[in-house]
Amino acid sequence: QGTRDHSPAQAALRERLLSAVVSCFKRHGAAAIDTPVLELRETLIGQYGEGSKLIYELQDQGGELLALRYDLTVPFARYLAMNKITNMKRYHVAKVYRRDNPAMTRGRYREFYQCDFDIAGQFDPMIPDAECLKIVHEVLSDLQLGDFLIKVNDRRILSGVFAICGVPESKFIPACSTVDKLDKVPWEEVRSEMVGEKGLSPEAADLIGEYVQLHGGLDLIERLLQDPKLSQNKQAKEGLGDMKLLFEYLTLFGITGKISFDLSLARGLDYYTGVIFEAVLLQQENEHVEEPVSVGSVAGGGRYDGLVGMFDPKGRKVPCVGVSIGIERIFSILEQRLSMNGPCLSLQASGEKLRTTETQVLVATPQKHLLAARLKLISELWDAGIKAEMLYKKDPKLLKQLQYCEDTGIPLAAIVGEQELADGVVKLRDVATREEVRV
């Protein structure tokens, strides 16, 4: 099906990942919003480049052609336009749907979660964009996934490159989606697709190749600003000026060590208008390899200033920039690193057990005929907001109850026996240390 079930241990791991990402979004002052899974087909078609063929379309139901959402960005833009909102910082964690060829081991599914953070509104250049990159840096650092690199480019710089290389404007987007494959296939293959399938001249393709294989930092931006051909192109000049500003802000955030200005980054979606970025995890295959190997994209985003205007009857634009964290990709990577054992997932790095529930205390009894005492006490705990469990047996053995605590990681047992009932107390036992106190 290209979808999957999750065991309690896997679900707990994913919940922990989602919680870490949402904590980061909240730290930056974002409010949560929610949009419907179903959108009008016309809202989605034409927004995703070659990805449009992956949209799940539904047959005419009640006079409307509908589709399942492909991402969380287009519905957000539609929401802003419908409600005439011109200023918002939001996050949204929800499932999206793509009729893709699934690759389970690489975290590629037909139904999966996206975690989006967006800033909408008219602000001074590159300040919100820099914050989005800071968020990617924070999330990937918090999750301790190993070494990563955030590639940054600008659609205007790419358009400038295509223009000075003689690519007609009608072929910009097809050329973009071809260039975007450079992280997966060598330049020779990209070049032959440009010439063979996209109809570019061999001369134009060779010229493009000279630019899109460049990557670096501020020094490269300075060099391209001096480039005799590129500096004459209005769009490219604007893009390079903003890129320079972006790097100044990223330097103040102290994260430029993980950022690379990479001209091969194109991102295949049609709606990007300015800065675009993508984060990849790096994997050192062995000590002798100089260049770390990328294990795929785990976050991406960019600026989409024209999207809201498409859904506004009067065409009013709301500038937006956002980032999407690929939680399924991250989950797949983490899962491959973890070994499964019983009801808990052992996190090898820290040696800690990943608990599948949040139960704080098990209500237990040491003798027979005390079910009523357990039911009364557990009800009191639940009413007080305490996460509590008990075994669904009338007369369970104490050893069995304590063993259940150990198996599931419940830290405390609240024990009520005949003596405790007579004294009006509860014996609280620390399961790990076996220490007991009367409460």
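Even glycines carry a Cβ here, placed using N, Cα and C.
All TrEMBL annotations are machine predictions without curation.
Small disclaimer: the values here were computed from a predicted structure and weren't measured.
Quick look at what TrEMBL annotates:
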type	residues	note
BINDING	ASP71, LEU72, THR73, ARG98, GLN114, ASP118, ARG267, TYR271, TYR272	L-histidine binding site
DOMAIN	1-366	domain 'Aminoacyl-transfer RNA synthetases class-II family profile'
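Taking Cβ-Cβ distances under 8 Å and a sequence separation of 6 or more, the neighbours of GLN114 (L-histidine binding site) in its chain are ASP71, LEU72, HIS92, VAL93, ALA94, LYS95, VAL96, SER324, ILE325, GLY326, ILE327.
Note on the binding-site residues ASP71, THR73, ARG267, TYR272: the fewest other CB atoms within 10 A surround the CB of ASP71. When the record's L-histidine-binding residues ASP71, LEU72, THR73, ARG98, GLN114, ASP118, ARG267, TYR271, TYR272 are compared pairwise by CA position, the greatest distance found is 21 Å. Computed over the domain 'Aminoacyl-transfer RNA synthetases class-II family profile' (1-366), the whole-number mean pLDDT of the model equals 87.
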